[in-house]
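Asks: Dropping a structure here in structure tokens format, bear with me for questions.
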Amino acid sequence: MRFSNAFVLVAACISSVLADTKTFNFDLVNTRLAPDGFERDTVVINGEFPGTLVQVNKGDSVRIPVNNKLTSSTMRRSVSIHWHGFFQARTSGQDGPAFVNQCPQPPNTTFTYEFSVADESGTFWYHSHLSTQYCDGLRGAFVVYDPEDPLGHLYDVDDETTVITLAEWYHVLAPDINNEFFSSGIIPVQDSGLINGKGRFNGGPETPFAVVNVEQGKRYRFRVIAISCRPFFTFSVDNHNLTFMEADSVEHDPVEIQNVDIYAAQRVSVILNANQPVDNYWMRAPMTGGNPDRNPNLNISLTLAILRYKGAPEVEPTTVNVPGHKLLDQEMHPIAQEGPGKLGDGPPDKHITLNIAQPNAPFFDINGISYISPTVPVLLQILSGAKRPEDVLPSEQIFFVPKNSLIEVNIPGEGAHPFHLHGHNFDVVLASNDDTFNFVNPPRRDVYPINGGNTTFRFFTDNPGAWFLHCHIDWHLEAGLAIVFAEAPEDNVSGPQSQITPQDWLDLCPEYNAIEPEFQ
């Protein structure tokens, strides 16, 4: 026993020594890019799309100065950035959603995001969380590596070359699309789909597809991220099986599949065994969401990349897609079986039903109310003493939940909405395509689609903060499809889980409120 305790102490010391603070400088700029061959103005990090890949190790802290150099009067010039999938324990103010966790950062200023990834590892991403700004380009991948990954024996290669982003792309600027959306009530249709920032549209130039290089005999962990504003993708690689192992930064029992649906904001890790003849193979991610009849530029089947074996000629593949087994919710079981709070079918401490309706298109209601952003961030109101819904303005869509409680959320089916919960993972105890509850080993993730069926998930309130729950179709969020959980309000103010509030965060609201509307 003494040896065991000493070993644990030494391991903890080694882990502490290895932990580091990693700094990534983000220059937020307007530049003209043509990821699908059509040149347009963009809002991007460091002049590139997708944005800079952030790579750290489990236990590290992150420091990201954001230098807002936006100048274009045709797009939003203020900004906020969400670090999607991170719990932000004690740093709810760094989570990013505008008017939930912070005021937006004005142009010609620098704001530094600082947070610890603590015990988290896996596949994450980041994006603007101000209006629909990320549809203009502010989105990128974020990976936290675990040197002691319990599933690490399944793969040989896991680095920047195996991070794969899936996105849709618009030729029209997001503010203009917003105006069209709110005047017509019709969701905008994208012009093209991109893999790793490259794609094509009907009638456009034959821009080169992205190439993912592999070597025969090696196993590759592909971290596939849907950095989309609306559609979902069906990911596959011709002539190759895939082994699913991670969903939304949570590792699951390995399952052999041929393809997987990945909804907006979801992340999936799959292992590809490069065991086929040396050649070129299509990597496919056809989109669902957006009617091509309403945009002649769109060809959903042109969301392609090339898997190229070492030694293969530099030509496009001639392989053919053969549909196979698609990953099912019922096959997804986290390797850490313990869920949030109480396992088993015992009653939750609090049950919430969210009824979605759209009586006044394009606006959405939840329980009869459409979400409207407050002028003072919800978190700041909590830190100022708000303890009840009536203490928060506006109060209608703020749900106060007590600490250390099991919360069950039920969403009856209504349309296709990938819901994302900030600050937590949740257990999907009733999937939208099932009629049987699973309280033993349900899928665990932070984004799940409500696809016309009854969906129920559970989470445990062990992380005080202000946490958004919203549809990750950006146009639906803009139309009010959201609520906010105000978790353990008093514990945000004082105690061991109280919020860390840097001065530059406190300065954001006065700075933002002082600028003219055209700069907001």
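A Cβ is built for glycine as well, from the same backbone N, Cα and C atoms used for every other residue.
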Asks: Pick out which of C103, C229 Swiss-Prot lists as the disulfide partner of C135.
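Replies: When Swiss-Prot is consulted, C135 turns out to be bridged to C229.
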Asks: Can you sort out which of C13, C103 is the disulfide partner Swiss-Prot gives for C509?
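Replies: Recorded partner, per Swiss-Prot: C103.
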Asks: Considering the Cu cation 3 binding residues H129, H422 given in Swiss-Prot, which of H171, H470, H476 is annotated for that site as well?
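Replies: Of H171, H470, H476, H470 joins H129, H422 in the Cu cation 3 site that Swiss-Prot records.
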Asks: Counting other Cβ atoms within 10 Å of each Cβ, which of the glycosylation sites N108, N241 scores lowest?
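Replies: Selected from the glycosylation sites N108, N241 on minimum Cβ neighbours within 10 Å: N108.
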Asks: Which recorded positions from the set H82, C103, C229, N241, N299 come within 10 angstroms of H129 (Cu cation 3 binding site), judged by C-alpha positions?
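Replies: Within 10 Å of H129 (Cu cation 3 binding site): H82.
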Asks: For H422 (Cu cation 3 binding site), which of the listed recorded positions (H84, H472, C509) have their CA atom within 10 A of its CA?
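Replies: Checking Cα-Cα distances against H422 (Cu cation 3 binding site), the recorded positions within 10 Å turn out to be H84.
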Asks: For N492 (N-linked glycosylation site), what is the secondary structure state per DSSP, taken as helix, strand or coil?
Replies: helix
Asks: Where does C103 (disulfide bond) sit by DSSP, helix, strand or coil?
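Replies: SS state of C103 (disulfide bond) = coil.
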Asks: Please list residues from the chain of H420 (Cu cation 1 binding site) whose Cβ is under 8 angstroms from its Cβ, counting only those at least six apart in sequence.
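Replies: H420 (Cu cation 1 binding site) has long-range Cβ partners H84, A265, D446, V447, F468, L469, H470, C471, H472.
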Asks: Can you tell me how far the Cα of N492 (N-linked glycosylation site) sits from the Cα of H417 (Cu cation 4 binding site), in Å?
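Replies: Given the Cα positions, N492 (N-linked glycosylation site) is 30 Å from H417 (Cu cation 4 binding site).
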